[in-house]
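Pulled from Swiss-Prot:
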{"type": "BINDING", "residues": "Lys9, Phe57, Arg85, Thr91, Arg102, Asn112", "note": "ATP binding site"}
{"type": "ACT_SITE", "residues": "His115", "note": "active site, pros-phosphohistidine intermediate"}
Amino acid sequence: MEQTYVMVKPDGVERGLIGEIVAKIEKKGIKLVAGKLIQIDRKLAEQHYAEHIGKPFFEDLIGFITSGPVFAMVLEGDDVIKIARRMMGKTNPLEADAGTIRAEYAVHTNRNVIHGSDSPESAKREIQLFFEPHEILSYEKAVDIWV
């Protein structure tokens, strides 16, 4: 079963969107196997966004992601990376398809409410950055036979 990392960013947390976003994910049949509200420090932010070091927007990105709490999650399901990315929508909310999380809740590319791993490799790396193995749970959902 595939796993991915998804994070409600500070703008989503501060606007009270955690519940709505998690509800959308669970209604799709995706299993939430870990979740926690955390404050990211600069060191963790730099590790998470290491591929952007040196880019013009890097400092703004670090400043934003450390500006308030985030809700970090591990999701599990068949093709969960692709499904979660589709549910999030394009990075620019103005280009995101109607019904996606970013189209519904985000207003700016730099404040786009949610982050999700873009590949199995990044999912593994991000999950290991934000979660200890004992924090990721395995359980059966009653709806598993239906989705």
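In case you wondered, yes, glycine gets a Cβ from its N, Cα and C as well.
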Under 8 Å by Cβ from Phe57 (ATP binding site), same chain, sequence gap 6 or more: Asn110
Inter-residue Cα distance where the pair is the residue listed as 'active site, pros-phosphohistidine intermediate' and Lys9 (ATP binding site), in Å: 7
Distance, the residue listed as 'active site, pros-phosphohistidine intermediate' to Arg102 (ATP binding site) (CA atoms, angstrom): 10
Which of Thr91, Asn112, all binding-site residues, has a Cβ with the fewest other Cβ atoms inside 10 Å: Thr91
His115 (active site, pros-phosphohistidine intermediate) in three-state DSSP notation: strand
Distance, His115 (active site, pros-phosphohistidine intermediate) to Arg85 (ATP binding site) (CA atoms, angstrom): 9
Which of Arg85, Arg102, His115, all recorded positions, has a Cβ with the fewest other Cβ atoms inside 10 Å: Arg85
Euclidean distance between Cα atoms of Thr91 (ATP binding site) and His115 (active site, pros-phosphohistidine intermediate), Å: 9
Largest inter-residue Cα distance among Lys9, Phe57, Arg85, Thr91, Arg102, Asn112 [record-listed ATP binders, Å]: 22
Lys9 (ATP binding site): tally of other CB atoms within 10 A of its CB: 23
